[in-house]
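Visitor: Before I ask anything, here is the structure I am working with.
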Amino acid sequence: MGAAGRCHGRQGVRVHHRSRAVPGHGHHGGLQRADPAARARRHGLSFVRDLVARWLEGFGWRAREAKINSFPQFTTEIDGQTIHFVHVRSAEREATPLILTHGWPNTFVEYLDLIGPLTDPAAHGGDPADAFDVVIPSLPGFGFSGHTRTKGGNAARTTDAWAELMDRRGGHWAAHDAPTCWSTTCAASSVASAPSSPPRRSVSPARRAHPRTVDPRETAPFLDRRRLRHGSGVAVRGPARTRKSGDQAMMESVLEVPGARLRYFVRGSGPLLVLIAGGHGDAAVNDALAAHLADRYTVLTYDRRGLSGSTTDGPGPTLATHAADVSHLLSALTTEPAYVFGSSIGAMISLELTTGHPEQVGVVVAHEPPVIQLLPEPERAVAVQDLLDVEETFRTEGSLPALRRFAVFADIDPTDREPDVEMRPPGPEHLPNAEFFLTYDTPAVRTHALDLTGLKDSPARIVPGVGANSSHIWPHRCARLFAEELGLPYETFPGGHNGYRFRPRATAERLHQVLGD
């Protein structure tokens with residue numbers, strides 16, 4: 001506020017006004033009032049034209065947008081209010097967490113230029129010991145925090161929200177406020193009322209079962225998993241790996257489960273929807289589909305154990321093991337039944353989840369599950385031989401030839417895709433995932449038998465799905481026989497066996513229709 005007004009927020013707020021003479025204008029009661037005619041000359045049509053020209057031609061909207069989007073951004077739910085915040089971690093392991101509160105009527109954008117010097121002081125001529133992990137929330141009702149939902153919002157309530165936000169991070173922290181009256185009060189109250197150490201929290205069943213802790217730098221600790229409920233939203237991008245995911249930010253985190261550490265991602269807002277990839281696909285395979293769903297759902301994607309960022313230290317997983325992993329993820333995120341969409345082996349996992357953990361599934365959409373047990377002879381023998389040939393090719397020739405053989409019987413055509421979908425043939429970077437999939441998951445699919453009776457008795461709504469362009473392959477035939485076995489209609493989805501990857505926009509719309517029926 002400069003010389004015109006000063007804030008003293010530690011013991012309260014006092015605002016001092018000082019008038020100054022403006023040449024050519026009269027003095028009324030100690031305040032200077034501009035002549036209306038002069039104001040009209042200064043802020044008339046020509047002034048508006050200059051403003052329009054500035055915004056249309058002289059301001060780089062896309063450059064500013066790209067700069068804002070380059071910072072990891074998150075949303076979470078605190079006290080019934082969506083809270084948006086930027087979180088940038090320092091590479092320095094001993095960095096101090098620091099929360100920066102913008103003023104009124106500003107936004108978090110005013111602090112973006114400080115992030116570099118604060119998180120990486122060495123690169124800006126400073127001492128690495130002075131590094132901070134920076135958190136910049138948007139005040140309730142401001143920017144991406146959205147409108148306030150309840151009455152009674154004030155500095156004290158926001159103070160509590162900031163304390164909760166930083167408590168979710170854990171440890172000690174510091175606060176800085178923008179030089180305006182409101183934010184000074186808020187930040188001062190935050191420092192005064194913040195707990196000296198995080199309060200004890202209940203430990204999830206998954207954590208009790210496998211108590212080894214996760215380095216908080218490897219997780220997105222701001223997500224209080226117990227607070228994610230049906231209808232609430234979380235859209236955060238994790239710090240461990242940065243990648244384009246449409247226009248949504250997403251949270252990356254790690255969950256310890258028996259025998260594995262699962263990397264997962266959460267984005268969007270709305271009821272919880274789990275996407276389970278097929279083949280050797282990790283969470284990234286579902287990025288495009290998730291991006292088209294995140295405006296209507298809180299979308300959970302994850303790397304199956306043994307793939308990409310998820311580790312495993314036990315024996316080769318079964319489909320029941322994979323289903324238990326999804327159950328642990330759901331337990332960590334919600335208490336409500338979730339929507340589940342899986343394709344191929346992902347569909348088999350989703351159905352195993354439905355029988356093994358029926359209380360966690362509201363609607364399951366199983367897209368072309370390879371339920372070989374339902375195929376009549378000689379079709380069953382053909383399907384089994386296809387998978388045996390893939391496994392033999394893997395043993396004798398390696399992963400890439402085996403994947404190419406797999407693509408032949410599944411008729412995976414990467415040219416049948418939406419124009420903005422980029423597809424690349426399998427390369428060396430896919431080898432670790434492919435090797436794990438071919439070693440463990442392919443035999444598991446070949447030998448697994450679904451509990452059809454359990455599926456018939458399940459309280460979940462089960463939706464078998466088929467590809468519009470895959471009627472000539474046996475996974476499509478399996479899906480139709482599965483629907484017939486359960487006495488259910490099947491739903492047709494765009495594309496073929498991998499339509500969710502190649503036609504994500506159309507698949508998202510179709511999936512939304514199916515879930516809403």
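For all residues, glycine too, the Cβ spot is worked out from N, Cα and C.
Below are the features listed in TrEMBL for this protein:
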| type | residues | note |
| --- | --- | --- |
| REGION | 1-36 | region 'Disordered' |
| COMPBIAS | 7-30 | compositional bias 'Basic residues' |
| DOMAIN | 46-111 | domain 'Epoxide hydrolase N-terminal' |
| COMPBIAS | 190-206 | compositional bias 'Low complexity' |
| REGION | 190-249 | region 'Disordered' |
| DOMAIN | 271-375 | domain 'AB hydrolase-1' |
Visitor: Pop the mean pLDDT for the domain 'Epoxide hydrolase N-terminal' (46-111) in here, whole number is fine.
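Guide: In the predicted model, the domain 'Epoxide hydrolase N-terminal' (46-111) has a mean pLDDT of 87.
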Visitor: Kindly report the helix/strand/coil residue split of the domain 'Epoxide hydrolase N-terminal' (46-111) according to DSSP, in that order.
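Guide: Going by DSSP assignments, the domain 'Epoxide hydrolase N-terminal' (46-111) contains 26 helix, 20 strand, 20 coil.
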Visitor: What are the DSSP helix/strand/coil residue counts across the domain 'AB hydrolase-1' (271-375)?
Guide: 44 helix, 25 strand, 36 coil
